Every structure is written in C-alpha cells, then in structure tokens.
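Undergrad: For reference, the structure I am asking about is given below.
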Amino acid sequence: MFKEIFLFDLRLNFKKPQTYIFFGIFFILTLLLGLVIAGVFNIATGDTNTIGNSASAVADVIVSLNDNILGLVNGVILVAVMATGIHKDYEYNTHPFYFTKPITKASYFFGRFLSAFVTALFVFSAQVIGYYVGCLFGMGTPHMGTFQLMNFLQPFLIFTVPNVLLLGVIFFSLTTFTRNTLIAYLFCIVLLVIQSITSTITADIDNKATAAIWEPFGSEALRYVTQYWTPSDQNTRMIPLEGSLLINRMLWLGIGLLITFVSFFKFSFSQFLTPISIFKRKNREETREEPSPLQSLALLPKVTQHFSSKENRKQLFYLAKFEYSKMTRTTFFIIICSLGAVMMFSIAQFMGSIYATETYPVTYEILESVSSIFQFFILIIIVFFSGNIIWREREHKADELIGATPVSNGILFFSKYIGLIYVVITLLAVIMVTGILIQFSTGYFNVQPLVYIKSLFGFRLISWIITIGLCLAVQIVTPNKYLGFFISLVPTMFINIVFNLLEWNNKLYLFNSSGPMMPYSDMNGFGHIVGTFMLYKTYWLSITLIVVLFALLFFARGKEKGLKARFRLSKSSFGMKHKLALLICMLIAVSAGGYIYYNTKVLHHFRTPKDNELDQVAFEKTYKRYQNTPQLRIIASNTNVDIFPKERSVHVKGTYYLKNKHAFPVDTLFINYIGGDNNDYHYLKMEPAVAFSLIKDDKKNGVKLVKFTNSVQLGDSILFTFEIQYKPVGFENDNTETDIVYNGTFFNNQVFPSIGYNPDAELGSNAARKKYGLKAKPRMAKVDDSLARMNTYISNDADWIQFETTVSTDEGQIAVAPGYLQKDWIKDGRHYFHYKMDSPILNFYSYLSADYQVKRDKWHDVNIEIYYHKGHEYNLDRMVNSIKKSLDYYTANFGPYQHRQVRILEFPRYQSFAQSFPNTIPFSESIGFIAKVDDKNNEKIDVPFYVTAHEVAHQWWAHQVIGGNVQGSTLMSETMSQYSALMVMEKEYGPQAMKKFLKYEMDIYLRERTQERQKELPLMLGENQQYIHYNKGSVIMYSMKDYLGEAVLNKAVRDYLNHTKFQEPPYTNSVEFVSYLRAATPDSLKYIIHDMFETITMYENYVQNLSYTKTADGKYKVKLTVGSVKFRSDSVGKNTKIPVADYMDIGIFSTQMKNGKSVDKELMLQKIKMDQPVKTFEFIVNEKPVSAGLDPYNKLIDRTPDNNTWKFGTQPPKVNTDVKGDSGPTSITVGVDEN
C-alpha cells in the first residue's frame, strides 16, 4: 500500500494550484536575481571579480533565502506543503476509513510523509532552477563563467535537501500529533531564533566556530568555511563538505532523521482519536445539568433590537476585546513573547559591538539593535493571527451561525482589525518593558520613556496598523489560509526586494514606505523627518483602507464561499456610508500622494542610480577636456558662515585667494559647486577688478567656466568671492540631508566651491564605463605619476593654505571650526565665533554646531577640549587620557605637535566615523561616546582610547606629511596612524592586549579582500582600499616593529617625516616612504620589505603535532612540530607557492588568572628560521604548558590564522598544503634559560 498512498498523495499535491504558485514565486524571485547579475536589466552597473554561476554564488543565494524574514517565508510554505500530509485526513473527517482498511502504519506514515517531502523539494528546487535560467541570459559575458551543472546541484544537495527534511519532518510530525499548525509555526520560529542567536554571537570573533556548528540552516557554517575565499577561490572552488560545514550538515540532518523515526514509532492510528497536546491543561470535570422544563412562549422575555450607532460601537469594541482575548490567551502568543524577550536579552550582549566592545544600552540602541528581532516576531503574529481570526469560524464550522447574527460585516471585520491592533500594542509594550529590564540589569538607569513611547507607539505602531489591514484583506479574498499567509508576505517583503533589485526605488510604490528616514540620535532626537514620515504613512494607510473596503465586498457570510457569490451578496450591504468612506480614503490617498509627488518629482529631480550613472557619463564627456587645463591654486580661505539650525539652512560668504603657481599664464577658471535643488549659488566676483566672462553656467552639474580677459600671470593673485545659500525645499525621495540639523550640524569645505576639473565626479565602475564606450579608469594614478603628485590625495585645488573664518549659530549652541578662537560675541539672538589658524593647513576644514557641554584639560601647554552631548560623559576621561598618551608618544618618537590645542567634537550618529581636521576631531556619538569598555576583561578593546589615538596621530600623518594623489598615498596617513595608535595602546595595555586587536585586524583584512571588486594591491600600492591601509597595514607595521625593533622603526619614520613634512608639490609617495624602511632593515631581513609592502605575500602557518613530558627536575620538555607554506597572491587572490626561508616567532604558553579570567601566560617566545616546510623543535620550559604554536601573535598575514596555535592533549587538524619535505622534518633542540 505504500506505493499507492505515495503516488495518490503525490498526484493530489501536484494538482493543487498552490504547489505551482509557491514554485512560481521562488522561480520568479531567483530568476530576477539571476537576470540582474547577468546584466540583463538596464540598471546601474558595478565592478566585480566574481561570477554569478559559481558554486559559491549559488550557495550564497540558497542560504540567503533561509535567513531571518526569508526563512519565515520558507517556513510558511513548508507548513502549507508538509503539515497537511496526515492532518488533512482529520481536517476533512476521513480518518475513520483508515480503521477499516488493511493499511500498515509504515505504508501510511511514510507514504504521506515522502509524498509531501518530494512535493516540497519540487517547490524549493525553483530557487535553483530560477537562478540557473536567469544566469543563462548572461552566457558569454564577464558576469558568468562556464556553466557546470554541479555548481547548482551541489549547493542544492548540501543546503536545500537537509533543510527541507529538517523543517519538513518537524512540521509533519507536530501537526500529525497535535492537529495544530500553529505548533509547527512555533517550532519554525524556534529554529529561526537559534539562527539569529548564532548569527549574533559571531560579533565576537572567537564564537564563529561554535556558531557554524549550531546554526540550523548551514548559513553560518558556509560563511565560516568560505570566509577567506578570494575572488579566485569563489569562482573556481566547489563548496568543501568538510570541517564545520560537514559537522553542521550531519548534525542537523541527523536530527531530522531522528525526529522522522521517533515520529514513526510514536504514531498510531488511534492518534486520530486522541491528539497530543504539547501544552496540557488540567481537564475540568464535566457536569451534567438537567434540562429545564419547557416554558410557554408568553413567559419568555421580550427582546428589543437596537441598531443605533452607539450600539454598533459597543458591539465593535466588545468584539474587539473578545478577539484580543482569544489571541493573547493562547500558548502560541505567550511563547512568542517569551522568545522575543529571550532574543532581546541575547542580542543585548553584543549591542553596538565594535571589536567585540559593546555600547551602553542607551534607549535608541535597545530600540534598533536589540528590539529589531522582535519586529520579526510581530510580523509573524500579524501574518498568522490575521489568517486564524478570518478563517476561525469556517474551520470550527461556526461560520453559518455567525452569518445569521444581526451584526454587520463591517463590525465583524473591524473588530478583528482593532483586536489585532491591541495585540500589536501589547507586543510593543513587551518590547518596552524588556528593553527597560535590559537597561536595569546592566546597571544602566538613564532610561528615556518618551523615546520608547514615540518610537514604539508612534512610528512603529502606525506601520503595523497598515500591515495588519493588508494581511486581513488578503485573507478575506484568498481561498486558502496558507496561501494567504504567503501572499501577505509578498507586498510586505517580496515586492520591495524585487523593486530594489530592479532599482525601482520610488517610495510611492514601495509598500508601507516611510519616506526618507534618519535614525534617532540622542543629540538631534527624531530630527526633521517626523512630518514626512506621517505624510507617507497617511498615504499608505489610506490606500490600505481602500483595499480593506473593497475586500469587505468579499467577506464570507453564510454558505456561499466563492468570490463571485460573496461579491454579489455583499453589494447590497455596501451602502452610502461605505461609499463615502471609500471616497474619503481615495481623496486622502490622492492628496497625500500628490503632495509627495510634488516634493519628490517637481521640487526635486527624482534620480535613480541609473540616472546618476548617465549624469556622470555626460559630465565626463562634456568637461573631460578641461582636466589638464592649468588652474589657479587656493592659497588662503576667509569665510563667513551663518548656520541656522532651526531652519536647517546655512549662508556662506567666502573669499579665496587664488594664485598662479604655474610657469605660464592661466586664462580659464573651472569652478565646481554643489548643485541641486536646495542650493542657491548667488554670485562670484573677482578682485582686484579682473575682467572675465562667464562662458558656461551648468547648474545641473554645478559647473561655472570663467574666461579671463587678460590671463593671470605667473605669481599673480586674485580674490575670488562667492556666496552660497543652502535652504531645504520640501523633501526628496531618498536623501535625508543630515549635514545641517537642529542639533549637531557637521559639514566640511567640500560644500564650498572648488577649482579645477574634478575626476571624482566621473563614472568609477569600469564595467559601466565599458557599457558607455568610455576608457577604463584606474582608481588612482600610478605611484610614480609625476603630474598626479602635484596634488595631495585629498585636494586638487590647493596645497597649504591660510585659514580664517567667522561662524555664527543660534544662541544656545556652540559653533566650532579649526583654528584658535579669537573672540566670540552674541548679537540679535546669534552667537558668533571668530577662528584663525596661525600656520598653514591643508584645504580641509569642518564646521560643527550643537548645544555642547565642554570638558577641558591640558597637556603641557596644549589645551584639550571635548565638546559633548549632555549625558554622554561615559568615556570622556578615556579620550583625555588617550590624547595625553598619544601626545607623549608621538612627540617623543615623531616630532613636535604643530598646534596649541586638541579638540574632539561629538556629532550625531548619522555617520559612524571620526575624522581628523587641523587640531579638530569630529567624533560620532555611536563609536566612542557610548562605548562600554570592560577594564576587567583583557580581551576587550578600549575602542574610545584606540579611535582617539588614531585620530590624534593624523595630526602628524596627514596634517604634517601628506602623500600625492597616487597609489599608496594612504600608507603614510592611514597605515601610519594605525601603527601610531597601536603603539600607544601597547604602552597603555601591554603586548598581550594587542593579540586580540591584531586578530580582528587580520580577520577583517582576510574577509574584505574577498569582496574586492577590481584589484587587490600590495600595501605600498593601495588605492584607498580601507581593508589594506587600515587592517592589513596594522598587522604589517606591528610586524615591522617586531622585526626591526621599535626604536629603529620609529627613527626611520621620523627621518622620513622630517624630510617630507609641510612639503610643496611634488608630494611624497610610498616609494619614498618604503625606501626609509628599507634603509633601516638589515640585509638578512630585506625580504620582509618585499613581502610586506611590494607584494601580496601570505602564509599558511600551522601546528602539526605537539606534546610534552615532565623532566626529572620538575620542568617540562616540549616537542613541537610546525609547518609553514608561503604564497604569493595576485590581484584576484590566486595563490602561487614560493619557498619559505623566513624568521618567525615560536611560542609556548600556560594560563593565568587575571581579573577573574583565564588568559595566556607566555612561557617562551623566540624567533626561529623556518627554512623547510615542516620542522620539529624541542624546548624546556619551567611550567606546565597549555598551548604552543608558530607565529602565535599572528604577526604575519596568514590565510588561516586560527590554526597557528593549538592546545596540548588535542590533535591539530590536518592542513592540506601539498608540500613535502625533501628529507623529512628537521629536529632542533633549544634550551630555555631558567630566568
């Protein structure tokens, strides 16, 4: 009978329209993704080094469809397919027949299960099939490689099949035993919670391996085993079913099979009569009441019917209360709330994590980082409960009884609507209470109740009300609850995903859009977007109500279930009130939508990424010929800047002193200014009276071309005066305009006019340039390009300038710009500040205005000031300490500090960075001011201390020495600032603290190089690639310090700085910098210059075996076999092995307790020469060793840094190096001095 049952169910499943609907949705979604990657659509094009049809790319597509909200979609579909296997026999009341037929349990159970499983595999195969078909359209293009079926089949077998089995058997079994599909959804959510927790804990680098094993769907395992795959690896390698990925797949596949067979052995046909309740309740004793005798109709009370508006309202809210009670008293609801709270507490441990250092649980972090997962649970509850409350009467066969009641369809529907709104309000209250408990549990009591209330019961509640209306309307018109679940997610998620893929980003048709948004900031509150937000929500709420009013025409009532019949019956009840409500909603929708259109399309030019791409092409084709036209240089800037925070506007009157520094006359001036709808460039003027004509005024591109009547001669100067008025006009589709805000304005001189053709305005993507017939463009000029070295890499129109400014703001705020405060005064409600620099600076300066508190200190004769938002005092002392320690170290090792003050200024968290201007350092509130540093945990990095030290270092490495606009220029600014900060940190916290920091730096470098879109380059040729000059640079320079010695290295860089600081063009380059390092390096170590700076050199250092024995004198003899493979990597990560003959650290460690935590204790660390692939060493140490390894501090760039050290008593993993020693391992015995 197995075959008959299996084939019968299979045929039945493939006759259901929902099977093909589900297949079609997945097919269309992944087809579009494949078409986008194949370059079929005429959208903006970016560079990439990876192909779209590799096994890695296919696996990424599959696992991304299991993440978070997409995982919920998979769950909904699997429940619809798998849960009906045996459950449908009970649902359709056919189960008694199986008691009378000779059917075995195995045939029945596995026939039903396997037919559903095969159907589910068919549905989910659409994810791969759709993507495959989409990729076919890219055949012959650089986006695709050779098509190999195994690239698509292997990820499907590794990820899709086990995941479908795991989820499918859970849903099948739970609905079989409980007859309740909500229980199946609940366990789906449990698995998604596990996934979220495992994803969250990877914020700490040491948790990645654990997360890879325990994440249910294999996504973390895939990321872990492929985390360092270069573009070459991604394009050529199959997914390695080994290590953590193999363990993960076997574990969860085993769990799925175990559940299958446990379910089978527990199943019996009698289960139909007595379903299992997972959440058992004590049965009430049944009592029988004797029927009362019949009474005469005359004795019955007279019933008076009332249908007034008052009675309707009473009915509405009574039924809403009833619906609310039915939903919130369920075990499902309680567990969802509990899971959400647990998730919030779990995520709070890694809140705002930077280098595994968390932030204080400020209210906005709780609302955004922590409660974000709860939003997922709210969506689940809305989707599921909207189906349950619409279909409840029909499922319990009470629909005809309800249909006979004298209650209108409107009251029946809107009572469910309001009841579900009550549920969401309850859930938002749970978020608020849980958030406050998290804050209190960590000893943080600066709770902001109004922020909770406005955010949760204002912004978010409105959005959820719109979602509720749509989900209820969908359930009314769909013929199947499960199909309704899925369709409900289409507008809330799928449509937005598809539209974003196609760059259809007009928020007028992105469902439930909030318009241009900005995050809450302690400094600036909710900002200026509240009105815009309410306008968009009014628009979408009115559209949702229109949909609801039309859906009411199909509200099921009575025996008629078909849409046509329901529509025919409901037309009679669709009276004048309904029509009036529909008309009002339409008027509101048209009015709100029209006003949005007016702002985004009339007041502003609506731009898609494609439009911006075309503009860049037009700009280049129009003005490229002016690139090498000689221009005057800015030698001084004097500005008057008036900031109006309340109006969010700024008025600038400025004067540039322009000088001809060329050896020939200049007759043309190319002026760039910020165009756009909010900027008004009033005038330009030349003084002394220089005759000129304006030959081009391109407002779209922000270009003015000036032709001098008489050329400006060599050495001559002119005054160039300009005026700019910025005032926001309406609002745009996307741009939130966060530079000028109510409290926390921050902008720099890039908003002022600049001189000369700007190459940065050109189209940067070479793939896009090829599409438009433009020549390929390098990211930066070659390192030895003499023309490019005539500019610094941050300015094309100036060298070192004199700077003076007067800046005003509203009274009550402090306005700050670089320079020394000459005076300040208050006039007419305005506060004025006059700043002036006493020495030349780069043409790079900023303006900030906010209601600041100020902390002041001194280092010798240098004033230290920190301008901060009240309430953000947590790390001020750390910042001051870092400034002092930085000034100590930098002045002692690099030279004198050129200013008399250091200022840090907090700005809102709309950007998360710190930036160093002359003696002025703007610092985001999100990366240092609220960091929670654990001084008792040696593995936690003091982020405020580190970032401050880095930015102070820029006062030497950028503001004294600056590279030309060529490759490698950031080596002398960013990499050297990283090295400088590392040294200050090491002096403050010790070498052991650097191990964790460098581990993060190595990890970030290895991960980010996998995303390289053009070419990875050696450190000395980097093209402003952050993962190279920041992360790799940290490791390289710390390693250089180790090889050369700190004093030798510092002397070399100081000599370089003294030779190049404040230089005029041509500016220095990395070749010159590295020459100083090479001169300081002994001949035996010259290879490290080539390896670290001139090439991309990597290692595979590992432990092959380790053991120890105790000697007669109580010491320990350690035998350690280690291996090393050396690679050269090309620009896309293709490795070539080269001989190893390198000096490396070898170390042995025990453990010790420090601040209540076990940390490594160094027993022995020394340099050895690895001149063979595998070598064995013996050492004598005084204490019992715990771990040992080669390059234990990860000073060398290692493609697998986790296996450099290993613990005694465990077998190190095998490393596939394909290297064999000529004569076997070399054994060396080394003694360790007792002292």
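Backbone N, Cα and C atoms are what each Cβ position is placed from, and that goes for glycine too.
Pasting the feature list from TrEMBL:
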- 20-44: transmembrane segment (TRANSMEM)
- 69-87: transmembrane segment (TRANSMEM)
- 108-132: transmembrane segment (TRANSMEM)
- 152-175: transmembrane segment (TRANSMEM)
- 182-201: transmembrane segment (TRANSMEM)
- 250-274: transmembrane segment (TRANSMEM)
- 331-352: transmembrane segment (TRANSMEM)
- 372-391: transmembrane segment (TRANSMEM)
- 417-440: transmembrane segment (TRANSMEM)
- 452-475: transmembrane segment (TRANSMEM)
- 539-558: transmembrane segment (TRANSMEM)
- 579-598: transmembrane segment (TRANSMEM)
- 880-1085: domain 'Peptidase M1 membrane alanine aminopeptidase' (DOMAIN)
Undergrad: For the transmembrane segment (452-475), find every same-chain residue at least 6 residues outside the stretch whose CB is under 8 Å from a CB in it, and list them.
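TA: Beyond its ends, the transmembrane segment (452-475) has Cβ neighbours at 363, 367, 375, 378-379, 382-383, 386-387, 389-391, 413, 416-417, 420-421, 424-425, 428-429, 431-432, 435-436, 481, 484, 487-488, 491-492, 511-512, 514, 520, 526, 533-534, 537, 540-541, 544-545, 547-548, 550-551.
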Undergrad: So, do the transmembrane segment (417-440) and the transmembrane segment (152-175) meet, by the test of 3 or more Cβ pairs under 8 Å (sequence gap 6 or more)?
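TA: Judged by the Cβ rule, the two regions do not touch, with the required three close pairs absent.
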Undergrad: Please indicate, using numbers and ranges, the residues of the same chain that are 6 or more beyond the transmembrane segment (579-598) and have a C-beta under 8 Å from a C-beta there.
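TA: For the transmembrane segment (579-598), the far contacts come to 507-508, 515, 535-536, 538-539, 542-543, 545-546, 549-550, 730.
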Undergrad: Residues of the same chain, at least six outside the transmembrane segment (182-201), with any C-beta under 8 angstroms of its C-beta?
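TA: Contacts of the transmembrane segment (182-201) (Cβ under 8 Å, skipping residues fewer than 6 from its ends): 66-68, 71-72, 75-76, 78-79, 83, 166-167, 170-171, 174-175, 207, 210-211, 214-217, 219-220, 278, 330, 332, 335-336, 339, 342-343, 346-347, 350, 373, 376-377, 380, 384, 388.
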Undergrad: Could you tell me what the rest of the chain brings near the transmembrane segment (331-352), counting residues at least six beyond its ends with Cβ under 8 Å?
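TA: Contacts of the transmembrane segment (331-352) (Cβ under 8 Å, skipping residues fewer than 6 from its ends): 182-183, 185-186, 189-190, 193, 196-197, 200-201, 203-204, 279, 358-359, 361, 365-366, 369-371, 373-374, 377, 380-381, 384, 423, 427, 430-431, 434-435, 438, 441-442, 926, 930-931.
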